[in-house]
Amino acid sequence: MVSIEKFGISFNDTKILENISFDVKPGEIVTLLGSSGCGKTTILRSIAGLQKEHEGTICIGNECVSSKKVYKKDREVGYIFQDYALFPHLNVHENISFALYKLSKKKKEKRVDELLEQFNIVDHKYKQIHQLSGGQQQRVAIARAMANNPKILLLDEPFSNLDAMLRYKTKIWLKDLIKQMNLSAILVTHDKKEALSISDKIGIINDKKLIQFDNAKKMFENPNSLYVANFLCEVNELPNRYIKDIGLNIKEDKVAIIKIDECKISKDKSNCKVKILDISFCGEYYELVLNLLDYDNTDMIVKSHSIENLNINDEAFMHIDKKDIKIIDK
Amino acid sequence: MKNSISKIKISSFILTLLISAPAIIIFLYLFIGHSDNWQHLKETLLFTYIFNSLYIMVGVAILTTLFGFTTAYLTSLYNFAFSKFFHYGLILPFAIPTYIVAFIYGGMFNITGTVTTFILDILDKDLSEVVFFDIMSIEGAILVMSLVLYPYVYLICKTYLSFESASIIEAAKTFNLSSWQIFKKVILPISRPAIVAGVTLAVMEAVADFGVMDYFGVNTFVTGIFKTWFGMGSVEDAAKLASILMSFVFLLIILERIQRKNKVFKSSGKDFKPIEKEKLTGIKSFLAFIACFIPFFFGFLLPFIQLCFWFSISYEDIIDEDFMTTLYQTLSLAISSATLITALALLFVYNVRKHQDKTSSTLTQIVKLGYSIPGAVVAVGILSFFSILDKYVIDLFSSTFIISGTIIAIIFGYCVRFLAISINNFEAGFSRIPQTYDDAAKILDVGEKTTFVKIFIPLLKNSAFASFIIVFIEVIKELPLTMILRPFNYDTLPILALELTQQSQIVESSVPSMFIILIGMVSVILLAKNMNKAQ
């Protein structure tokens with residue numbers, strides 16, 4: 001189990017992260033989600049011991065470490081880098097055995113063969129790295145990371161170099177592997193779809209802080225702030241006056257949101273008149289840009305599967321089911 | 001980040017102190033006392049040194065711009081007769097050291113030169129009856145230097161025009177401007193920083209030159225340093241002259257950096273694509289060919305043909321046991337220096353990679369400054385530095401061992417001068433190794449030594465080879481530093497070539513010169529092969 005307590009880090013006196021706390025149980029996949037440069041990878045690097053100076057404690061199993069020089073030997077961590085960090089001058093076998101250099105030759109060979117078998121790359125044993133596909137390279141990187149039987153697996157944007165189909169397959173394979181081996185896995189990404197589909201829990205980082213850490217489904221359904229809502233799903237912010245007009249109460253520090261696919265537009269009358277500013281065909285759906293005419297000309301985006309009788313510059317009406325509206329912190 | 005003081009960092013620090021010591025000593029000479037001769041030197045020759053150096057700088061700047069920029073412009077933007085050949089052919093003057101071209105031109109065009117007498121015979125006239133341009137003059141030196149050094153301007157401008165400026169030039173073409181208008185209004189202004197960068201390198205080389213100026217009898221700071229040191233035996237005055245020259249060079253570097261900082265015109269695109277070339281036909285193609293052929297012919301072909309001819313008629317007289325000793329000395333000096341410099345450069349660059357802090361990169365930057373200091377200045381700095389060291393050793397340990405005038409002094413001089421080349425190679429090599437390799441090794445709990453041996457060394461072997469070869473070539477060609485620091489009677493090929501010309505044996509001097517060029521060419525071929533293999 002990994003436990004991060006009050007973790008913080010600064011670079012050149014600039015605070016990057018502060019007061020980050022979360023746990024990852026064995027067999028659990030936690031994804032850290034946030035915009036580029038928010039400090040997600042820095043957390044992974046600190047857990048791995050690559051970033052030595054930080055605040056707070058990182059506990060791996062029963063051992064807690066603060067800012068001191070402890071690498072994998074004490075931490076039992078496997079790390080999959082975004083670029084896989086496979087050494088180009090070594091073949092598959094040599095890349096994996098690089099991690100096992102302390103073992104005797106016989107033991108090393110045995111362990112490499114086990115890993116090649118386990119990760120289904122036996123046929124590529126003596127191939128050079130550039131001769132492998134993206135997916136095969138990733139398997140080699142994972143085999144190397146797993147060589148010393150780590151309890152924790154850290155994955156930095158592991159699917160970013162794979163095409164769509166391979167990404168899908170690898171995700172399932174990796175999820176199974178983590179569960180089978182009962183690893184505590186922490187994954188870093190900025191892709192919300194990837195995060196939602198693979199994670200048991202998600203942590204969202206914004207403005208140096210972990211602003212929500214929860215079960216993936218719960219978080220999607222109940223985001224605790226406008227940032228999380230915007231990050232995980234596409235939402236519209238509803239004007240406070242509209243909320244009051246439909247009989248709901250809202251405080252000054254709150255905001256009412258609705259997912260863009262939960263708004264319906266038609267010529268049937270309602271209390272919310274809109275003007276259609278633009279209609280874009282997006283393949284499986286249409287995206288409509290609207291202006292709420294009676295509510296300070298607020299702009300909204302709506303996703304709709306049909307646009308029957310609707311044209312650009314038409315006036316129409318928006319229909320919202322009250323139960324779909326969520327009131328959250330600003 | 002906390003700085004851990006490691007052995008490698010301490011070594012880099014001590015080495016930086018050692019390598020920068022000669023330059024620091026020379027710099028101090030700007031402020032400290034001088035001998036009685038200095039006043040005389042100041043009143044008689046100092047003005048000549050300054051005037052000549054400035055005159056050479058201006059002359060070389062104008063001519064290298066003319067040759068280098070014109071050829072870069074033509075070969076980057078147009079296809080014409082032999083334009084593909086000129087793409088590489090125009091770099092060939094780099095293959096012959098400036099002093100060798102000077103010896104050859106001297107032998108061909110001086111009053112009794114082969115070409116001069118040949119033309120006078122044809123015309124059936126005396127020298128007094130014709131207009132004669134004396135090559136053995138400051139103007140001759142400027143011309144020869146420019147013919148050999150224009151590739152600096154050519155290479156930098158060509159890279160800029162062919163790639164970085166492609167989108168700007170193509171945009172200008174869409175406004176229906178004529179070629180001349182595009183040249184005047186777009187190409188010339190945007191190329192200015194590239195021209196200045198190339199010209200600065202050429203000018204720095206020209207003011208630091210010894211061989212050409214000495215042979216042509218032009219008084220410059222460098223020849224002045226030699227005269228004061230060998231003629232008057234005054235290290236102090238030589239050092240004082242060296243300090244002025246060093247200030248001159250640093251001022252030049254600072255000016256170039258300022259202009260580069262303020263006036264870099266870059267294409268807004270991230271990925272540079274090569275420019276689409278226009279095809280020239282008829283007279284335009286012929287004129288473009290002539291414009292490129294002139295610098296190629298006079299900068300490489302003519303001196304090379306003459307050299308080959310002289311070599312063919314004199315090699316039997318020159319290649320003897322003494323010559324082989326000189327060749328052996330040159331090669332062993334180059335091999336040992338290149339090996340040492342490559343190893344030291346690796347230490348400096350690995351220190352930066354390992355610690356990734358300001359101190360380590362500053363140490364490397366300081367060491368790299370040595371390349372811009374003229375060889376003669378470095379040599380005088382080393383003489384001054386070692387005379388202090390020798391005195392200390394003799395006083396303290398009553399030892400009779402002195403470093404001045406030994407091979408150690410020369411190799412130390414090469415380290416000061418050429419470490420920058422080697423460091424640049426390793427920096428480029430390390431920049432191609434992602435930081436994640438270091439991280440992966442750390443996480444896998446692989447020690448630094450194993451990572452260094454198993455990961456960095458194999459991945460850097462091409463950089464190490466390139467570094468070795470380039471330093472090797474530089475050492476083979478080096479003249480002023482070796483002249484000043486060499487042990488008594490210790491000759492290298494360039495020194496032998498110079499000595500033969502000083503004894504009016506111009507034809508015979510072609511033998512060591514040819515060997516210098518051939519060794520350089522073989523090395524470049526090896527380097528190119530290695531680069532192809534690496535790719």
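Cβ coordinates come from backbone N, Cα and C, glycine included.
Feature annotations, reproduced from TrEMBL:
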DOMAIN    B:50-254  domain 'ABC transmembrane type-1'
DOMAIN    B:327-527  domain 'ABC transmembrane type-1'
TRANSMEM  B:12-32  transmembrane segment
TRANSMEM  B:52-74  transmembrane segment
TRANSMEM  B:86-111  transmembrane segment
TRANSMEM  B:131-155  transmembrane segment
TRANSMEM  B:194-218  transmembrane segment
TRANSMEM  B:238-255  transmembrane segment
TRANSMEM  B:286-313  transmembrane segment
TRANSMEM  B:333-350  transmembrane segment
TRANSMEM  B:371-389  transmembrane segment
TRANSMEM  B:401-423  transmembrane segment
TRANSMEM  B:464-485  transmembrane segment
TRANSMEM  B:505-528  transmembrane segment
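Across the candidate stretches B:12-32, B:194-218, B:238-255, the maximum count of CB pairs under 8 A to the transmembrane segment (B:52-74) is reached by B:194-218. Between the transmembrane segment (B:464-485) and the transmembrane segment (B:371-389) there are 3 or more Cβ pairs closer than 8 Å, counting only residues 6 or more apart in sequence, so the two stretches are in contact.
Only residues 6 or more beyond the boundaries of the transmembrane segment (B:286-313), in the same chain, are considered here, and those with a CB under 8 A from a CB of the stretch are 67, 70-71, 74-75, 78, 80-83, 86, 89-90, 92-93, 95-96, 100-101, 104-105, 107-108, 114, 147-148, 150-151, 280, 506-507, 510-511, 513-514, 517. The stretch in closest packing with the transmembrane segment (B:238-255), judged by the count of Cβ pairs under 8 Å and taken from B:12-32, B:194-218, B:401-423, B:505-528, is B:12-32. Against the transmembrane segment (B:401-423), stretch B:12-32 has more CB pairs under 8 A than any other of B:12-32, B:86-111, B:505-528. For the transmembrane segment (B:86-111), the most Cβ-contacting stretch among B:12-32, B:371-389, B:505-528 is B:505-528 (pairs under 8 Å).
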